[in-house]
Amino acid sequence: MGRDSDNHQAPPSVQAPPPGPPPQNLGLSRGPTWTPAEQLLQLHYCIHSNPSWPEALLLAFQHYIVMLGTTVMIASYLVPQMGGSHRDKACVIQTLLFMSGINTLLQTWFGSRLPVIMGGSLAFYLPVMSIINDYNDQTFPSENQRFRYTIRTIQGSLIVSSFVNIFLGYSRTWGNLTKFFSPISIVPVVCVVGLGLFGRGFPMLADCVQIGLPMLLLLIITQQYLKHLHAKAHHVLERFALLICIAIIWAFAAILTVAGAYNTSKEKTQTSCRTDRSYLLTRAPWIYVPYPFQWGTPIFKASHVFGMMGAALVTSFESTGTFFAAARLSGATPPPARVLSRSIGLQGISMLIEGICGSVVGTTASVENVGLLGLTHIGSRRVVQMSCGFMTLCSIFGKFGAFFASIPLPIFAAIYCVLFGIVAATGISFIQFANNNSIRNIYVFGLTLFLGISIPQYFVMNTAPDGHGPVRTNGGWFNDILNTIFSSPPTVAIIVGTVLDNTLEAKQTAVDRGLPWWVPFQKRKGDVRNDEFYRFPLRLTEYIPSRFL
């Protein structure tokens, strides 16, 4: 018997279980989340605000003292190997200080406009050592003659190599290259600007741990803990603890020297610990004004010029990373591409002036002084400009400058442990503008940071005391270029980070890379604050063609 179609019944539907509660937000369960902050709210004075004149004067003197360590270190390393006497070393220090004062003023007026001290760069160490080794094989009537021939050759190399930066800057080539940056590539670059200088921290402090370690501990305790004891103490110690600690430990080192604590120590220990082993105070001239061609006519040798060009290129990378850190710690927006171009171009002009006046190295942005902006919470441009007065006066009146230049280097090394760390951490703060939960970003950041430290460390470990690095071909100039470039952490980080960030799914991950936040600052009219921070002084912007801004 047939079955009627109406008797067919659909199978009962299976109902889904009622939806449960949404998964718990783990971020909310563990406390508040922090929104990205373009400016550091804890700054007391930003780039264009100024403390009182007496306070600014003390802060400017503090900047001068901090930059003095690298200046003395460069002269102490290079001048004796060049055949120079203690008086020659004092004159070289005075020349470096004089050039730093002039170059800092130029950079804060017409260059980056950021509160950055321009000082001597250790990136020139390998090319200078190559020149020194070249003259070690020759015979001279006296050591003074060897010193003069060496420094005249350095002058000629600096003069020619300065045009590398001048071309990169004023042709806008450098600015066009920096347009490929993003927050995720800037993070490791600024990090290694500080981390890459770890050799000037505790390793140099350990050369005289008796004064270096007390300086480090006293600075941390005084500046971070004792300031909470009283309201007035908070204000004074937060800004001037560094000067107070230097005075205390320097006096302690002088007492140990007079008491004979190092009379039986090794020569290296005595040089690092004693306050009377610099010989600067006794040999420095009372009045000395650096002038063009003070050592004689520059000597131009092509083999040395190419090596110095590599160092000039490295200072462009180093200064660029330092400028981003300075902008962050002074409350300014990230420097636009056009500002970076003109700052690198002006750095080339500064190098040209240094070559003419007889400096032993070229110029770069001082990392330690940028760290001081974060330590004191004061990013005022005027303070840095006022510090140029101390550099210039102490370079002319040699005895006064030599008095402060005789501070033992381990004291400066203890300061660097704090200041370089601040700069490195500043770089990490840029990651808030990118997606730090992206595996792709983690890969780019991690690989760039590691190679930015690891590759230069390999080159440093395999560089002989005479300056010969791991690249040893028959072309000495080629060796100097590669050894100098790959010994620089910021240079390696910029190369690796920029290539990775712009080739690994660059277009698909533009938002994750932080480009929507980043791009407006790189365009001329992308953000109105760019002109507020970076325009030329005295309404000069109105009279300069836009192609040169």
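Here the Cβ of each residue, glycine as well, is placed from N, Cα and C on the backbone.
The annotation region 'Disordered' is assigned in TrEMBL to 1-31.
Per TrEMBL, compositional bias 'Pro residues' is recorded for 14-24.
Long-range Cβ contacts of the transmembrane segment (61-79) within its own chain (Cβ-Cβ under 8 Å, at least 6 residues beyond either end) map to 88-89, 92-93, 96-97, 100, 117, 119-120, 122, 125, 128-129, 132, 147, 200, 240, 242-243, 246, 278, 360-361, 366, 368-369, 372, 376, 383-384, 387, 390-391, 394, 404-405, 407, 409, 412-413, 415-416, 419. What TrEMBL lists as transmembrane segment is 61-79 (among others).
TrEMBL lists 116-135 (among others) with the feature transmembrane segment.
The transmembrane segment annotation in TrEMBL covers 147-168 (among others).
Annotation source TrEMBL lists transmembrane segment at 180-198 (among others).
As annotated by TrEMBL, transmembrane segment applies to 240-262 (among others). Note on the transmembrane segment (240-262): residues 58-59, 61-62, 65-66, 210-211, 214-215, 218-219, 222-223, 226-227, 269-270, 273-276, 372, 375, 407-408, 411, 414-415 of its chain, located 6 or more positions outside it, place their CB under 8 angstroms from a CB of the stretch.
Residues annotated as transmembrane segment in TrEMBL: 383-405 (among others).
Sequence annotations record features per position, and here TrEMBL assigns transmembrane segment to 411-430 (among others).
Sequence annotations record features per position, and here TrEMBL assigns transmembrane segment to 442-461 (among others).
Under the heading transmembrane segment, TrEMBL lists 481-500 (among others). Here the transmembrane segment (481-500) has Cβ contacts under 8 Å with residues 123, 126-127, 177, 180-181, 184-185, 188-189, 191-193, 195-196, 306-307, 309-311, 313-314, 317-318, 320-321, 443-444, 447-449, 451-453, 455-456, 459-460, 463, 469-471 of the same chain, all six or more residues outside its ends.
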**Request:** Quickly jot the same-chain residues contacting the transmembrane segment (180-198) by Cβ under 8 Å, restricted to those at least six beyond its ends, or write none.
**Result:** 318, 320-322, 324-325, 328, 334, 367, 371, 416, 420-428, 430-431, 433-434, 441, 444-445, 448-449, 452-453, 456, 488-490, 492-494, 497-498, 500-502, 513-515, 517-518
**Fill in**
If one takes Cβ-Cβ under 8 Å and requires six or more residues beyond its ends, the residues near the transmembrane segment (442-461) are 184-185, 187-189, 191-192, 195-196, 199, 431, 436, 469-470, 483, 486-490, 492-493, 496-497, 500-501, 504
**Item:** Stretch in 116-135, 147-168, 411-430 most in contact with the transmembrane segment (383-405), if contact is a CB pair under 8 A
**Value:** 116-135
